[in-house]
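The heme b b562 binding site feature in Swiss-Prot is assigned to HIS83, HIS182; the stated evidence is similarity to another entry. Feature annotation from Swiss-Prot assigns heme b b566 binding site to HIS97, HIS196. Taken from Swiss-Prot, the feature ubiquinone binding site applies to HIS201. What Swiss-Prot records for 33-53, 77-98, 113-133, 178-198, 226-246, 288-308, 320-340, 347-367 is transmembrane segment, and it gives similarity to another entry as the kind of evidence.
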Amino acid sequence: MTNIRKTHPLIKIVNHSFIDLPXPSNISAWWNFGSLLGFCLIVQIVTGLFLAMHYTSDTMTAFSSVTHICRDVNYGWLIRYMHANGASMFFICLFLHVGRGLYYGSYTYFETWNIGVILLFAVMATAFMGYVLPWGQMSFWGATVITNLLSAIPYIGTTLVEWIWGGFSVDKATLTRFFAFHFILPFIIAALAMIHLLFLHETGSNNPSGLISDSDKIPFHPYFSIKDTLGFLILILIFMTLVLFTPDLLGDPDNYTPANPLNTPPHIKPEWYFLFAYAILRSIPNKLGGVLALVFSILILMLFPILHMSKQRSMMFRPLSQCLFWILVADLFTLTWIGGQPVEHPFITIGQVASILYFTIILILLPLISLLENKLLKW
C-alpha cells in the first residue's frame, strides 16, 4: 500500500512543502523567520477575527467599542494586546527576514523576492489601516496626515484624497472602508505568502554560503520542523512577555484620547515600524519629493537584483560589503530614532544626512564596493 502522504492530491502538496521538502543542511537560524512570519500572520488573523466580533466601525462608537473589548469581553484585553503587539512582532520578523535576504543574496530569486516586496507593501498598508481603527487621537491624525500625502500627486491628487476619504475629511466613511480593507487584506497576504512559497520551492532555499547546495540536502521534517519549533517558542516567550508585562510599551499614549478633529496632538507620528520611512518623508522639504522618497525607500528593494555587481551571491566572504551592510542597519536605526523626534534642530539635519546615506549606500556604495571586491579577488 502506498503512503497516503505521498499520493493524496491535497496531502501531497503539504508533504512537498513541509515534510519531504529538501532543504540545505547548513541554513542557520536566520532562515527561521519565514515560518515565524506565517505564525505571526495566523495569530493576527485569529485575534483580529475575535476583535471584529465586538468592534464597531462607526466614529461615534469605535473608541467605546475598543474600551468595551478591554473591560467587558472575556479576555478581551488579552486579544486586543496580542493583536496590537502581534503587529510589532510581525514587523520585527519582517525586517530580520528582509535583512537576511539582503545579506545572503536571496534577492537573486527574482519572483520570490518581488512577491516578498509586494507582501511588505501589503502588510504595511494593513498595519496603517489597523492603526486608524481604535479612533484615538493618533489614529485620526495619522490617517489625516498619511492620506493627505496623496494630494501631492499632480492634477488628480486632491480628488483622489477626497475619494479615499469618502468626503472632505477623515470621517465615518473613511473609518468604515478602512475596517473593510483591514479585514480583507490579511487573507490576500496569506494568498500572496503561498505564491511566495510556491516560487521559493521552484528553486529551493538559498544558504549562508550562497553556493549551490543540491549535493547536500536534508528533509525538512524532522530537522527544520524541530528547529522552527524552537523559533516559535522563543518568539512566543518574547511576544507574551511584551503582551502580559508591558502591553503599551510600543504604543502611543495619545491613542488613549478619543479622536478630536479640533485638537491636533503636538507630535504626530506613526507606529515605530514606520518611523524610518516617516523620517525619510520629513527630511525632504518638498511635499511631492517627500512622498516619492517615502515610496522609493521601500520600492528600492526591487532594485537589489539589478544592483548586484559581485561575482559572489552571499556577503559571507565579502568583508567590505559586510561593513557597508551593517552601516546601513545602523543608518536605519538612526532614521527610526529621528522619525520619533520633533521637527527641530539638530534632528532635521541628522534626518537629512541619514536619508541621503540610506540611498547612497544602496544605489552607489554597495555596487561599487562589490566591483572592488571582484577586482581584489582578480575575478
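The backbone N, Cα and C atoms fix where each Cβ goes, glycine too.
Where Swiss-Prot records a feature, it is marked here on the structure.
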residue	record	Cβ within 10 Å
HIS83	heme b b562 binding site	21
HIS97	heme b b566 binding site	20
HIS182	heme b b562 binding site	21
HIS196	heme b b566 binding site	21
HIS201	ubiquinone binding site	14
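Within the chain carrying the transmembrane segment (77-98), a Cβ under 8 angstroms from the stretch's Cβ atoms is held by residues 30, 33-34, 36-37, 40-41, 43-44, 47-48, 50-51, 66, 69-71, 116, 120, 123, 127, 130, 235, 238-239, 242-243, 247, 250-251, 271-273, 301, all 6 or more beyond its ends. Across the structure, HIS201 (ubiquinone binding site) and HIS97 (heme b b566 binding site) are spaced 17 Å apart at their Cα atoms. In the three-state DSSP reading, HIS201 (ubiquinone binding site) counts as helix.
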